[in-house]
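*Asks:* According to TrEMBL:
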type     : residues                       : note
ACT_SITE : ASP497                         : active site, 4-aspartylphosphate intermediate
BINDING  : ASP497, THR499                 : Mg(2+) binding site
BINDING  : ASP497, LYS498, THR499, GLU610 : ATP binding site
COMPBIAS : 91-101                         : compositional bias 'Basic and acidic residues'
DOMAIN   : 208-273                        : domain 'P-type ATPase A'
Amino acid sequence: MRPERQSGEEAMDVVQARLPDPVPSPILRHSPSTSRSLRSVGDMPSVTFAGDMRSGSCRAESTASSFESFRRAGSRPQPVGAVARMPTRRSASERAGSQRDLRDEDARFVYVNDAARTNAPPAKFPDNSVTTTKYSVLTFIPRNLYEQFHRVAYVYFLILAALNQVPQLGVFSPVASVLPLAFVLGVTAVKDAYEDWRRHRSDKTENNRTASVLVDGVFQPKPWREIQVGELVRVVANETLPCDMVLVSTSDPTGVAYVQTINLDGESNLKTRYAKQETMSTPPEALAGLIKCEKPNRNIYGFLATVDLDGRRAVSLGTSNIMLRGCELKNTAWAIGVAVYTGRDTKVMLNNSGAPSKRSRLETHTNRETIVLAVVLTLLCTLVSLLAGIWLSDHSDELGVIPYFRKKDFSNPNEAEKYKWYGTGAQVVFTFMMAVIQFQVMIPIALFISMELVRVGQAYFMVQDEHMFDDKRQAKFQCRALNINEDLGQIKYVFSDKTGTLTENRMEFRCASVHGGDFSETDGGDADGHAVAADGVVLRPKTAVKTDPKLMAMLKDGTGAKADAARDFFLTLVTCNTIVPIIVDDDEDNDDPAAAAAKLVEYQGESPDEQALVYAAAAYGYTLVERTSGHIIIDVFGTRQRYGRRTHHLQILCFRLLFLFFWL
């Protein structure tokens, strides 16, 4: 195994030697060492995945090398100019995906930067347009009527309208009996048409958004709906991804990008995605190759593919190498990817089951009551028709002379004909129908007409309510489903899979226990945070945390084992995490000219617990200023310290084991 490993390292060195100069990352702009730290990629560390743990002898060898590197580096911070190098390792998802190969019949072949060849028949893929509407012009009337007649009351009223058309029942105005049902169906149809029109308008806006696509060697704006599989798409910071694409290059020299998947799975935390060094080494306009990936599926947490560049050895791709449609690019200046799934083949659209037909609890309860009343009405009418049949049998000899039931018409003196008589059986059926019309008020149609009008009125007043206007987004309240207005505020049970659902993923640092000492007296502490200076700009944490005066004094001027343990404690908090610092403007001090040079440091990461701990460390003087895939820079009471990836790799492992020990 060792000769193979050596050859792999030599190949990696060749790839790194061909990489272009790195592009400055936006999170480095306030660092005084930015200009000095931007070197060629040959001097920068390669991507390292913290979750990479091998089995058997590989695990033991990796652990031994980690301990050896930690022994050499020690716990002291490295100089600013020194950067440790580590070989590229694959993530766990990539290693799992490479364990089995895709068959050609189960795979999709995507030619990088060659959309015409990729979409050539018979493998023509759908365009990137999406449709979330429920109806079309041709299907609106039948499908809307089908959905409306899921209400049992409407079926009941339709039966009544049909009974009123029978001439033998003697209804004076059969047409007028249809008007109430037609009115309530029309009001509901107009309401549903308006809701679907808003979906159509939203789809049109989404499909007409523009993205930067590589055309003839130049990135040009192109509507989302025209993006094809195989094209190279470039996305800048805070933009939404137009399709599912494999990451091939980023502004970070090591190929790291951060995405926010709140539109996909509801998580507001940042996720890390990586571009392969093999694709990073080639300019986008010269990039060519073949991606063999799995066919579209609904699994948003899995991806299996390989990429073959210029006939070289295929490189495996995993979940960490794909960015899905609907995600937002964060904390990365730009990212370039090749589209592999578009339109209805994207994972977000495959998981979209369409606009649901929502039913409120009141409507569900009304359906049950309607069924019960219909059964009672049927029994009552059956009893009436049964009694009518008995009466007709007892007076069968007198029916010829009774005016209402007379069998013959004697108006013609020459011939007596039958007159309005269809037999006893038919008369019993007519009696049942007439009884239904007589007792139809048991289920009043006026009630359902009133309910539909009330829903429309409620939606209007909710939209026009000034107290529900969002000043931050300048947006009104939107009532997207008019059928569930009465369910507002009627919460009976709350099911939560974790505490973050109830706490909005907001965690606060309250106290700490260091070296057997309890530091929870934060009443007299400062809550303004600890500001640091960088390149003439004052950086202050966005979230302030109250501090313990005794602990703060110990960190500044304390001596002894307890003070050293406290410093190591906060040094571990600020380094052993996945938090990324982002420099933002202070919205509250925009009108103050003296605060123009002040900025806020916002910490974003995968866990709100880590955010709370890093904000607490910043309040106690340990401020995380910069993080890349190869090093981190922290400010300790005005002194800059730089830590390489290899230096704190073992610290993270020890911290997690220690945390697990105390947790158990």
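Glycine is no exception: its Cβ is also placed from the backbone N, Cα and C atoms.
How buried are the listed features, and what sits near them?
*Replies:* Note on GLU610 (ATP binding site): other Cβ atoms within 10 Å of its Cβ, all shown chains, come to 19.
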*Asks:* Over the domain 'P-type ATPase A' (208-273), work out the mean pLDDT and round it to an integer.
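*Replies:* Reported value for the domain 'P-type ATPase A' (208-273) is a mean pLDDT of 90.
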*Asks:* Using DSSP, how many residues in the domain 'P-type ATPase A' (208-273) fall into helix, strand and coil?
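*Replies:* For the domain 'P-type ATPase A' (208-273), the helix, strand and coil counts are 7 helix, 34 strand, 25 coil.
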